[in-house]
Amino acid sequence: MAHYPPSKDQLNELIQEVNQWAITNGLSMYPPKFEENPSNASVSPVTIYPTPIPRKCFDEAVQIQPVFNELYARITQDMAQPDSYLHKTTEALALSDSEFTGKLWSLYLATLKSAQYKKQNFRLGIFRSDYLIDKKKGTEQIKQVEFNTVSVSFAGLSEKVDRLHSYLNRANKYDPKGPIYNDQNMVISDSGYLLSKALAKAVESYKSQQSSSTTSDPIVAFIVQRNERNVFDQKVLELNLLEKFGTKSVRLTFDDVNDKLFIDDKTGKLFIRDTEQEIAVVYYRTGYTTTDYTSEKDWEARLFLEKSFAIKAPDLLTQLSGSKKIQQLLTDEGVLGKYISDAEKKSSLLKTFVKIYPLDDTKLGREGKRLALSEPSKYVLKPQREGGGNNVYKENIPNFLKGIEERHWDAYILMELIEPELNENNIILRDNKSYNEPIISELGIYGCVLFNDEQVLSNEFSGSLLRSKFNTSNEGGVAAGFGCLDSIILY
């Protein structure tokens with residue numbers, strides 16, 4: 001890049017521009033322990049420049065997202081059948097990962113048995129498929145890191161960092177002589193709007209099920225973490241819901257669910273006790289890992305919500321469809337073919353997969369165990385749960401496995417490491433400090449799918465995200481402290 005690196009004075013000016021634009025436009029996060037001063041937000045960790053991504057790779061990721069949406073909708077539908085392969089697989093996984101998958105599975109079974117349960121046929125999947133661009137074979141190819149089915153974040157802030165970099169370019173802040181990028185090659189995501197649109201569509205679907213006695217103005221309940229640091233990302237969706245779609249929303253923790261909500265015994269409808277507002281959609285921005293459930297009361301709150309007639313985004317089965325075990329099984333063409341019969345679609349999905357091994361007593365599982373212990377440098381060990389910081393990398397794998405009983409190994413998958421290109425022409429800004437180190441970038445593609453027990457009713461690509469991290473960091477979670485938000489310049 002001809003204008004890189006910037007001089008010290010140029011960099012200082014750019015840092016000031018980034019900070020001022022971010023504060024003006026809400027590109028923000030709360031720092032740790034912000035509760036003592038809730039007015040003390042900080043600028044989200046970001047790159048100063050956009051990162052080059054091959055247009056071919058970006059287009060492939062966008063085009064395949066509706067296929068992934070359809071796939072995971074079909075998987076969820078199938079998991080509801082007690083005699084299905086994936087129902088039985090998840091049942092077995094619940095035994096090996098009793099702390100998390102087992103808890104979610106037991107809640108699902110308890111929901112079905114509850115006298116209070118009122119079945120809601122609609123499900124809303126708000127998904128994100130994450131990729132690294134692999135360069136191993138000399139060509140650039142998107143390879144899936146994971147498919148997220150619950151609490152996908154940064155749709156709101158992603159579009160802001162895209163607009164930040166576009167502003168810096170168009171306002172000649174990168175170079176006073178003029179823009180250094182073709183603005184048409186800068187991706188501007190509409191993910192904050194598109195996720196809100198999906199939530200609003202779910203509200204309309206809920207209303208369409210009701211008789212005239214239904215509340216005319218049901219709302220969306222955001223179920224959020226206590227002391228949520230990433231609140232401004234979520235606020236983008238809340239504001240869009242109200243301003244673009246006329247839909248109100250409320251933020252509730254699991255504590256609030258226990259204290260403030262009730263279910264009508266006859267209809268199963270979910271209401272806020274004090275205001276009697278009817279909740280049409282329960283949208284989870286928490287509940288994706290064990291630390292989100294701090295006590296048995298939190299699990300009880302999740303069960304309470306699942307029993308209601310509100311549409312869940314996601315419900316328990318949809319969340320469980322995103323387990324790493326199912327990701328591993330889908331790399332088997334025979335398993336994938338049960339859900340996607342179209343040969344071209346199936347081939348396009350398979351191209352995005354790397355080798356993933358179980359660690360069970362199957363032939364493939366025994367090979368996975370051998371590789372984990374004898375060739376760990378090529379692999380990452382992943383548990384079922386989401387969120388940054390849960391994975392075990394390379395040479396740390398053997399000692400980690402030796403530290404747990406072998407009967408628990410099948411709660412993990414062994415995934416081939418992807419080898420992405422390094423970008424040495426960018427600068428990360430975090431806490432007003434700049435870091436000029438090689439970075440790796442992960443492309444996220446959002447997708448929203450509304451479906452029932454038999455059909456996919458709405459299926460859309462819903463925007464993009466780019467997150468970058470230092471080459472020396474294994475994890476990439478921005479809120480977890482490992483990475484930063486970035487934007488895309490296509491080439």
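Quick reminder: no glycine exception, Cβ is built from N, Cα and C everywhere.
Going by Swiss-Prot, these are the annotated features:
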{"type": "BINDING", "residues": "R128, 150-153, 228-230, Q234, 285-288, R467, 478-479", "note": "substrate binding site"}
{"type": "BINDING", "residues": "E146, K324, 382-391, Y393, 415-418, E442, K469, E475", "note": "ATP binding site"}
{"type": "BINDING", "residues": "E146, N148, E386", "note": "Mg(2+) binding site"}
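Feature annotations (Swiss-Prot) mapped to structure.
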{"residue": "R128", "record": "substrate binding site", "DSSP (3 states)": "strand"}
{"residue": "E146", "record": "ATP binding site", "DSSP (3 states)": "strand"}
{"residue": "S151", "record": "substrate binding site", "DSSP (3 states)": "coil"}
{"residue": "R229", "record": "substrate binding site", "DSSP (3 states)": "coil"}
{"residue": "Q234", "record": "substrate binding site", "DSSP (3 states)": "helix"}
{"residue": "T286", "record": "substrate binding site", "DSSP (3 states)": "coil"}
{"residue": "P383", "record": "ATP binding site", "DSSP (3 states)": "coil"}
{"residue": "L417", "record": "ATP binding site", "DSSP (3 states)": "coil"}
Rounded Cα separation (Å) that holds between P383 (ATP binding site) and T286 (substrate binding site): 18
Cβ packing number for P383 (ATP binding site), 10 Å threshold: 19
Local Cβ density at R229 (substrate binding site) - other Cβ atoms counted within 10 Å: 17
In three-state DSSP terms, the structure that K469 (ATP binding site) belongs to: strand
Q234 (substrate binding site) versus E146 (ATP binding site) - Cα distance in angstrom: 22
E146 (ATP binding site), number of other Cβ atoms within 10 Å: 18
Rounded to the nearest Å - Cα separation of R128 (substrate binding site) and N148 (Mg(2+) binding site): 5
Alpha-carbon distance [Y393 (ATP binding site); N148 (Mg(2+) binding site)] in Å: 20
Conformational class of Y393 (ATP binding site) under the three-state DSSP mapping: strand
Which of R128, K469, all binding-site residues, has a Cβ with the fewest other Cβ atoms inside 10 Å: K469
Nonlocal residues around T286 (substrate binding site), in sequence order (Cβ under 8 Å, 6 or more apart): S151, I223, V224, Q225, E228, T253, F254, D292
C-beta crowding around S151 (substrate binding site), within 10 angstroms: 23
